[in-house]
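What TrEMBL annotates here:
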- 6-26: transmembrane segment (TRANSMEM)
- 66-92: transmembrane segment (TRANSMEM)
- 112-134: transmembrane segment (TRANSMEM)
- 178-202: transmembrane segment (TRANSMEM)
- 265-290: transmembrane segment (TRANSMEM)
- 382-402: transmembrane segment (TRANSMEM)
- 414-435: transmembrane segment (TRANSMEM)
- 447-473: transmembrane segment (TRANSMEM)
Amino acid sequence: EWDRWLLMGLIGAAVGMLGFLTHQIIDCLIKLKWDLVENYLQVSKRNADVLIYLSPGQDGDIHMTWLCALGSGLAMVVLSSGSVLFFCPAGSPLGLPEIIGYLNGTSIQHLFNIKTFLGTFVSCVLAVASGLFCGPEGPMIHLGALLGCGLSQLQSDTLGIHLPIFTRFRNSADKRSFITAGAGAGIASVFRAPIGGLLFTLEEVSSFWDTRLAWQTFFCCLMATFTTDLLSSSFYGFVYRGHFGFFEAEKRIIFWVKNLLDMNILAFVPTILLGMLGGLLGALFVTLNIKINKLRMQFFNSIPKSSLRKTSKLLETVLILVISRVPLVANLGSGKNFLVLDVGCILSFPCSSEQGSAAALLVENGKQGITYLFKRGTHEEFGYTALCTALAFYFILSCWTAGSAVASGLVIPMLYTGALYGRIIGLILVSIFGVQTNEYGAWIDPGLFAAIGAASFFSGVSRLTISLTVIMVS
């Protein structure tokens, strides 16, 4: 069995490198986009972590600022949608549902084609960097499964490659096992959670399972996480920063929370409420998404010409991005100061108005925004109006984006949506009991309930329980 374990390790390492590459390209594209915008803004204060800009209405050109921000996003989303519609053989953004279908006995044409791999990868990084309300998690699972298939079979009809090694694995059972491990490695690389990747494949992906496959999948997930952590320890934006092999907790944990809180049994009361709210909103999200996709299919199927149908799908993604950039227009036109976190990681809070705060929440990079919503000790950073406005806007736009003609994931939108209403519940508790400084009342913190809310909505939409818990605490 040494060759099987060797292949599992190689697949894990390859998926880990792909995960590292995906995040590095996304970060570079986001930074490039906001470096262009920065040319039309007047910097009033700068330090190592925060850039504070003056309003473009004072010293900058608001129209060029808006056109630059929107234009760069539109270019990315057009290329993202075009790579799926006109390059992938299947003509649609294949992802997790198709992988689950294949592993449970459904044959899907072109699912593991090399062109599908390239189209999905390009579409994923461009869609996330463009500013659409989506994440790279779903496509990473698909890409991991593609690597699992390709490296285990070592043959490609498209490229005309048929290597005479590992031929004993060229059967449907072994092929399915390696694809399962690759899919688990994809989720493990994204969240740096090898156990979470194993449990995700067991709970969500595959129905053909045994103890041997569990151990080999865990080894594959472990290699993927280790490879991503190792490369990320010294590179940021493809620039070598030193400290190779030094695993800092703050960089390794995707949603780093510095201050831990002592728990009180009273905290379970709002937690139960958040769980019920997550189930209800999760069911609403799924129902609404199904209805949107049915209407989308009816509309596009009514268009007779294939080329016109694909163009219409591309224009839909453009429309979604334009609507998603409305908060940016509101922020730039507010005539107030705003700030940017992590250089280009995007316009963030606080503006000196509720409108500005809501706009800042919606133009924030998803991963950075979730991290800030989880932050402890920020009891009154956002008001009810900003959080409720951002929640409604993000809920609808992320539901519309899911199923459009780009390779995108739903995990970041689910976590962000849950974090928003979880923070609202935390803010209600602060309004009732005030800001508590003693150790017995420290649990009344909006950041804590943002994390619980994120888990509740994620679970409400995905129906995951065990693997989600492990992913959230990893």
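Cβ coordinates come from backbone N, Cα and C, glycine included.
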Do at least three CB pairs under 8 A connect the transmembrane segment (447-473) and the transmembrane segment (265-290), leaving out pairs fewer than 6 apart in sequence? yes
For the transmembrane segment (414-435), sequence-distant contacts whose Cβ falls under 8 Å of one of its Cβ atoms, 6 or more beyond its ends: 133, 255, 270, 273-274, 277-278, 281, 285, 361, 366, 369-370, 373-374, 379-380, 382-384, 387-388, 390-391, 394-395, 398, 441, 444-458, 461-462
Among 6-26, 112-134, 382-402, 447-473, which stretch has the most Cβ pairs under 8 Å to the transmembrane segment (178-202)? 6-26
Outside the transmembrane segment (112-134), at least 6 residues beyond either end, the same-chain residues with a Cβ under 8 Å of its Cβ set are 18, 22, 25-26, 29-30, 33, 73-74, 76-77, 79-81, 83-84, 87-90, 93-95, 140, 142-143, 145-147, 149-150, 156, 158-159, 179, 317, 320-321, 324-325, 363, 366, 394, 397-398, 401-402, 406-410, 412-413, 416
Quick test of the contact rule: Cβ under 8 Å, at least six residues beyond the ends. What residues does that give for the transmembrane segment (447-473)? 187, 191, 193, 195-196, 199-200, 202-204, 255, 257, 261, 267, 270-271, 274-275, 277-283, 285-286, 370, 373-378, 410-411, 414-423, 425-426, 429
